[in-house]
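K.L.:
For reference, the structure I am asking about is given below.
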């Protein structure tokens, strides 16, 4: 050991009985209460419904889910992790580790769907497409650029836009199928993911606003300009990505409205004014209905389960019950 080496003389354990920010405990409890795993959703019940889709509709669905997998991979392995060094409290660090883990659960969820409904060749083709699609790769490049930078508040902006905006061009399609009574178990799983992402976007946006209160007015103005510039850049790319995916099935304009609707929600999470007027965000009511907790699948956004979510029940037994 060299003479210049310095040992850490004290390490503090996280104490949940001493909170600097009550929001950390509130969000932790919400996230852990919402915990779920994809293996508990019986996607196999959607096999007959999958068979009613055309070859083009199947390809579209797989490409949409592959794009979502890429975003979850980025958020789970880079995005949420990159926010940890800038956490203001140890409890915030804990929440961010939970977020990172659940993003990896989300990424695995799509593989669960693929392995149930698709052939290996189809899966490989979809992942190959994700690596070759210019707009999908550009989306990842833009976000990663800020995750790997050295400006904590800009990282939070990029993360909030990913959580609250970028996912939604993909989330549209399973809600569309669900509104037509197709792939309803898959839609139930996507609702579980959407519920998580809503909490993630809210929390990271909240932490951005807390950090914003600590900087001067000039920096605040610069960050606001940056946020809208980044949103415009991401939105323009997302429109091209949406056209590439949805033009053939005639859904592009509806998806764009859904994008603008969620872009406004992302800005609100960051404490900023909505960008798009109401007449440009009038989402198809069937999609909003499919998103709601009272959708046909009776998904409960707050209990951690939907009608498709299966959990074993404990039954009291006696020794004689095990004599076969």
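For all residues, glycine too, the Cβ spot is worked out from N, Cα and C.
Swiss-Prot lists these features:
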- 110: active site (ACT_SITE)
- 103, 163, 197, 200: Fe cation 2 binding site (BINDING)
- 103, 106, 197: Fe cation 1 binding site (BINDING)
K.L.:
Here's one to test understanding: among the binding-site residues 103, 163, 197, 200, whose C-alpha is closest in space to the C-alpha of residue 110 (active site)?
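P.N.:
Answer for the nearest of the binding-site residues: 103.
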K.L.:
Excluding 103, 163, 197, 200, which residues of the same chain place their Cβ within 8 Å of the centroid of the Cβ atoms of the recorded Fe cation 2 site?
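P.N.:
Leaving out the recorded residues gives 75, 80, 99, 102, 106, 162, 167, 196, 199, 201.
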K.L.:
Looking only at Cβ atoms, how many others are within 10 Å of the one on residue 163 (Fe cation 2 binding site)?
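P.N.:
Around residue 163 (Fe cation 2 binding site), other Cβ atoms within 10 Å: 27.
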K.L.:
Report the nearest neighbour of residue 106 (Fe cation 1 binding site) in space among the binding-site residues 163, 197, 200, comparing Cα positions.
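P.N.:
When the Cα distances are compared, 197 comes out closest.
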K.L.:
Can you give me the same-chain residues 6 or more apart in sequence from residue 200 (Fe cation 2 binding site) with a CB-CB distance under 8 Å?
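P.N.:
Residues satisfying the criterion: 80, 99, 102, 103, 163.
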K.L.:
Would you please pick out, from the binding-site residues 103, 197, the one with the fewest other Cβ atoms within 10 Å of its Cβ?
P.N.:
197
